[in-house]
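Sequence annotations record features per position, and here TrEMBL assigns domain 'Amino acid transporter transmembrane' to 65-176, 240-505. Per TrEMBL, transmembrane segment is recorded for 67-87, 93-113, 146-166, 232-252, 264-286, 306-328, 340-361, 389-410, 422-447, 453-476, 488-508.
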Amino acid sequence: MQRVSDEASAMNKRIHYYSRLTSPSDKALIAPDHVLPAPDEIYVYSPLGTAFKVDSCTDGHGKNSSIVTIFMIWNTMMGTSILSIPWGIKQAGFTSGIILIILMGILTLYCCYRVVKSRKMIPLTDTSNWEFPDVCKYYFGSFGQWSSLLFSMVSLVGAMVVYWVLMSNFLFNTGKFIYNFVHDINVTDIVPGTNGSNKVICPNAATGHPPQNQSVMFSSGNSTGFQLFEEWWSKSQTVPFYLVAVLLPLLNLKSPSFFAKFNVLGSVSVIYLVLLVTVKAAHLGIHLEFNWFTENEFFVPEFRVLFPQLTGVLTLAFFIHNCVITLLQNNKNQENNVRDLSIAYFLVGLTYLYVGVIIFASFPSPPLSKECIEQNFLDNFPSNDIMSFIARIFLLFQMITVYPLLGYLARVQLLRQVFGNAYPSVFHVLALNVAIVGAGVAMARFYPNIGGIIRYSGATCGLAFVFVYPSLIYVISLHRAGQLTWPALIIHIFIILLGLANLIAQFLL
């Protein structure tokens, strides 16, 4: 999130909200004028996968209808977390997974509602341009300012790491598909899988660390060339480094606003993923067996002690608390804010439930075990699967265009806060970008587990922005107004403890 200068119009004060996970909290983080969109363009960015542009849906005064507001919130929350929801359900158990998605949706909605109300509880004449980090600074002083920056950087850099891992994955599978198609090579991966035209594979079967590239049964083409290709086109050993040549120069651009034009692909990608899931389920059928507490060869129990891994993912999946004030203050009918926010959360939860439940239920068990469901469910489809190939192309191009924007956000937040300038020198910017890219390459090389990265970063930033700050601010405001009751105090302390337990559990399971 970036705020523009005081002399800018109220419209531009709203439209410069780059990210739901970023949180500069004062005017030191003002963005340069040359990156501002035109006055009739509204961009909402989500580091984990989506962006939305509104330039013709307003009423002519910078206000949106309830339908547009609901869609903007849905679009902002939907991101790469959706790829890990089926894996999270597998970790928690089918029944408990469904229950947790519903409960986490309700809990995060309540905390989001507290965020929306927090600004109105401040006894100042004009807080219309304040965002939640400003509220944190008001209540907690410099600690609130710096801690909001810290947790925002954790979530933002975490998102960029997830992007790098996914881009490496998608580029690897896309390149493999194109090479095999061009050279007329029919490849069978050395991993267990189903037979037929709708093949599903289990990449992590047996040892848990199978060969990532080894394949057999090529019907035509030069075997030496094929082996050389596999040596130089490795998901973890080479492809993550190839991305450096493309993305590092883009990160050093002073203004990445050009890439904002392509961010509508986020919505297209999510819609296509829903279509892909529906088509796959129609061909694969439903494969469920309810074992409440025991595990067998092909199915997992309905309740598992690994359920906090799902709650960590869901904390970030339902995270919009940093930008919800901006989104709702553009709503034409302010009295409908609670209703519209609730509807948006319902649609987000419904989307996550649909994708997660359908993928889990249709996963072919037997012959494969439900344990085979990957942290990125697209990995359960081979590289030569046409629908999955199209999905990877969509997501790869979308992420390549969003990644420079995320790098710009990290630069503006950190460098302007520390040096007072978002571009102090080429050396400073290059050093920061090399560090961020290095983190992405290292994770793609040694820990390419997006579910793990999402749950760690989600539980960390969620502790502050979802559980602790909204609850503390509400309790403090009630206390100052002389309206604090024991039930309210106990409930919000319990919410804070839930957030803390959620974070601690990520490192224990």
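For all residues, glycine too, the Cβ spot is worked out from N, Cα and C.
Taking every recorded stretch in 93-113, 453-476, 488-508 and counting its Cβ pairs under 8 Å to the transmembrane segment (67-87), the highest total belongs to 453-476. Within the chain carrying the transmembrane segment (264-286), a Cβ under 8 angstroms from the stretch's Cβ atoms is held by residues 46, 49-53, 75, 78-79, 82-83, 197-198, 200, 351, 354-355, 358-359, 361-364, 381, 387-388, 390-391, 394-395, 397-398, 401-402, all 6 or more beyond its ends. Same-chain residues lying 6 or more positions outside the transmembrane segment (340-361) and placing a CB less than 8 Å from one of its CB atoms are 66, 69-71, 73-74, 77-78, 81-82, 85-86, 88-90, 94, 97-98, 101-102, 105, 108-109, 112-113, 116, 270, 273-274, 277-278, 280-281, 286-288, 314, 317-318, 324, 328, 331, 370, 373, 377. For the domain 'Amino acid transporter transmembrane' (65-176), the DSSP counts in helix, strand and coil order read 97 helix, 0 strand, 15 coil.
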